[in-house]
Amino acid sequence: KLSPAGEELLLLAELKPGRPHQFDWKSSCETWSIAFSPDGSWFAWSQGHCIMKLIPWPLEEQFIPKGFEAKNRSSKNETKGQGSPKEKMLDCGQIVWGVAFSPWPSPPSKRLWAHHHPQVPDISCLVLAMGLNDGQIKIWEVQTGLLLLNVSGHQDVVRDLSFTPSGSLILVSASRDKTLRIWDLNKHSKQIQVLLGHLQWVYCCSISPDCSMLCSAAEEKSVFLWSMRSYTLIRKLEGHQSSVVSCDFSPNSALLVTASYDTNVIMWDPYTRERLRSLHHTQVDPAMDDSDVHVSSLRSVCFSPEGLYLATVADDRLLRIWALELKTPIAFAPVTNGLCCCTFFPHGGVIATEIRDGHVQFWTAPRVLSSLKHLCRKALRSFLTTYQVLDFLSNATACVSL
């Protein structure tokens, strides 16, 4: 038996689902999505049985293991009062597959909400979108728990959702009906475009932080990159040997990572198609191997908030943390059941993993002080594309040679 590389992460807290008595079918217990709000004040947890929980962050004391002092607990208790946010239970009527928070704060939204809920005041608000088993998308206001919109169009499960980071309330949905759809929630959930090209179920979608590009991955070996300006296919990335199931852009939009059932994560330059690095998930326990399903098949990959780390979860029941410049994990966490997704807390220091039976676990995540080089690179990439950077370097080299 092999030992996973790196140090073991500390378990900070755990959420366990209640099981409503009126549901008794096993499949409804499965959960597929978790998310932190962009400002870090809410955690969304699809806990199974068609229920979504909205939990204020940081967590209350009952979720924290004895002996662990949560960093923000004292400040939360001091500020907790009559106006404090309260946990909310959202009954969706269908199994929840994908969730996404809008950027914070979103623009004034009178046109969107007033048509459906005249009692909602004209203020900027945080919303949560949920993709359901029947192809519907439900839009909720987080602060009040009001259902604002039902968005229809997909013909099968809505597997993933992504808002544009710009705050324009443009929403992208990925579905088992083999399409991606673009919606403008500020125009009564108008469908802007249907993106066609995938031949299999679309598993995930990710919008680059600079809002220029959309990545989508389906039950296929290739990854599609779309323009968020013209909504046309820009290029395909070829390199995986099996279905790609997860994708994520780096915070500065310069890198793209994709995870596949072939046990590999590939890091790409999305502009040049260059394959920059591969991270291979070695088998930890040979006894777990199965001839039909490789136990190191990937399920999810995501960048840390500062862009210096990656987190992956695989079928060998391990969460792994990777430093971008290394080919082996720097940290890991073992779990007792199959993992389906992971996500970083937006301010760093914590990563959440969801297990298919509905449990959510929160782990320590590496903290790092970004180097001046990294900060300068991040600043440059906020307004320069890869092509502009390459042109700049080419011109600089030519000047030096003269």
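Cβ atoms are placed via backbone N, Cα and C, with glycine included.
Look at TrEMBL and you will find 68-87 tagged as region 'Disordered'.
Annotation comment: TrEMBL describes 151-193 (among others) as repeat 'WD'. Residues 97-103, 105-107, 109, 111-112, 115, 127, 129-139, 199-207, 209, 211, 214, 216, 218, 226, 228, 231 of the same chain lie 6+ residues outside the repeat 'WD' (151-193) yet bring a C-beta within less than 8 angstroms of a C-beta in it.
Note on the repeat 'WD' (195-236): residues 156, 159-166, 172-176, 178-182, 242-253, 256, 258, 260, 268, 270, 273, 382, 385 of its chain, located 6 or more positions outside it, place their CB under 8 angstroms from a CB of the stretch. What TrEMBL lists as repeat 'WD' is 195-236 (among others).
Over the repeat 'WD' (237-278), the average per-residue pLDDT in this prediction is 95. Under the heading repeat 'WD', TrEMBL lists 237-278 (among others).
Here the repeat 'WD' (291-325) is broken down by DSSP into helix, strand and coil counts: 0 helix, 18 strand, 17 coil. Positions annotated as repeat 'WD' by TrEMBL: 291-325 (among others).
TrEMBL lists 363-397 with the feature domain 'SOCS box'.
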